[in-house]
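K.L.:
First the structure, which I've put down as structure tokens, then a few questions once you've had a look.
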Amino acid sequence: MTTTETSLSADTKNGIDFKIADLSLADFGRKELRIAEHEMPGLMSLRREYAEVQPLKGARISGSLHMTVQTAVLIETLTALGAEVRWASCNIFSTQDHAAAAVVVGPHGTPEEPKGVPVFAWKGESLEEYWWCAEQMLTWPDSDKPANMILDDGGDATMLVLRGMQYEKAGVVPPAEEDDSAEWKVFLGLLRSRFETDKGKWTKIAESVKGVTEETTTGVLRLYQFAAAGDLAFPAINVNDSVTKSKFDNKYGTRHSLIDGINRGTDALIGGKKVLICGYGDVGKGCAEAMKGQGARVSVTEIDPINALQAMMEGFDVVTVEDAIGDADIVVTSTGNKDIIMLEHIKAMKDHSILGNIGHFDNEIDMAGLERSGATRTNIKPQVDLWTFGDTGRSIIVLSEGRLLNLGNATGHPSFVMSNSFANQTIAQIELWTKNDEYDNEVYRLPKHLDEKVARIHVEALGGRLTKLTKDQAEYLGVDVEGPYKPDHYRY
């Protein structure tokens, strides 16, 4: 689907507004969704536990998170617990169009008479389309009943509301600077256009929102920045730093999906190749382990000496980008930072080497610099481009335009590991919605006993049997027989 900003408009059927690629894909999406449900015991357990209680009744959740089959199970869990939901993807390439169709049609609808949830997402959005979808996700049909909860991945939905409110209070949307990214220019353009027609839209939404739950490292960083500046207008729960999210989704999910993305994108043999992983946090650990398991010769870059030492103890060389870039066959960024692989690094890469990102945003790789460099871009297939430098004749294979290759070139993390993350998201939404008066406008983490609850569900689903403490043993350790078993400062 390709449209211009001026021609974008939502479709409406059976009272549901939406914008997706193809409603006729719903049956395929529903079949995959049913399989995913069997692989997502955390979400299905929460449905059984809370279906009668309806703890999210009255919640109007605006969700910005990759519109995948696994996310479809999350959305239908939220609605099963009483919430109303509107959704958009948090990445221009990550939507699975059949999953989006299944959610709009719903379990009891048809493409002719959908009975599901409004979704605004399709694979391959332009930046203008992406931010239009984000606004639609946050714009509820009844202006007197705006969104009152946000479920976010990367912080774009939260940023749209908070920056919009900030500029409304200032009475002006600032102009874009010449060196601003293309996306920031589109973002400011959207806010400026909306300010001309409604000077209080985002303030009204911000005042209605009871809280936000954030999925990712990048989004959490944004939340802490808003809080430090005094600009966080509602409570936030940092889902990312739940142990059953960061130590599972970030590491084991990446370990699975990185290889999947490279294989689907390039069919290149990984064994024997020299691989450079930029960043050795939880995501980088999963990347390095995956590549090592394929027989690659792996090097790692790091700023933190503790992470660097961990990498070396696992047998990885710790190097700088400048030292290693010229010898690497595959380069993957996983830092959550910006300006990791710059144009001069790309020019130094081997002919036909592979470059991709599995952090969050495309600013880990200097895609803007590459586009301005005069290099010729040849599209090989969707989300696979060959960039050729005229002065050297060397070509570089870039995956997903520098955005998340595991979602752009493949289908993201597997259902079971996402069950951990999305169970945390659901619990966090319930926590903020039902106990809102216990939270200030700060960033919180879920309590340890809820983290252990999520883990316990998945241990049992895999057939594990937990040892139970005796009363004497529990007293000896200074914990309750039923947990939590570790202090908050414990490093898993």
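Heads up, the Cβ atoms here are built off N, Cα and C, so glycines get one too.
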K.L.:
Among E32, E37, E214, E215, which residue does Swiss-Prot annotate as binding substrate together with T68, D153, K245, D249?
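P.N.:
When Swiss-Prot describes the substrate site, the candidate it includes is E215.
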K.L.:
Between D153, E302, which of the binding-site residues has the fewest other CB atoms within 10 angstroms in the structure shown?
P.N.:
E302
K.L.:
If we check Cα distances from T216 (NAD(+) binding site), which of the binding-site residues T68, D153, K245, D249 wins as closest?
P.N.:
D153
K.L.:
Just checking: which of T68, D153, E215, K245, D249 have a Cα that is within 10 Å of the Cα of V283 (NAD(+) binding site), counting only these binding-site residues?
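P.N.:
Among T68, D153, E215, K245, D249, the ones whose Cα sits within 10 Å of that of V283 (NAD(+) binding site) are D249.
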K.L.:
Let me know the DSSP-derived helix, strand or coil state of H360 (NAD(+) binding site), please.
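P.N.:
The three-state answer is coil.
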K.L.:
Taking 10 A as the limit, how many CB atoms besides its own sit near the CB of I358 (NAD(+) binding site)?
P.N.:
28
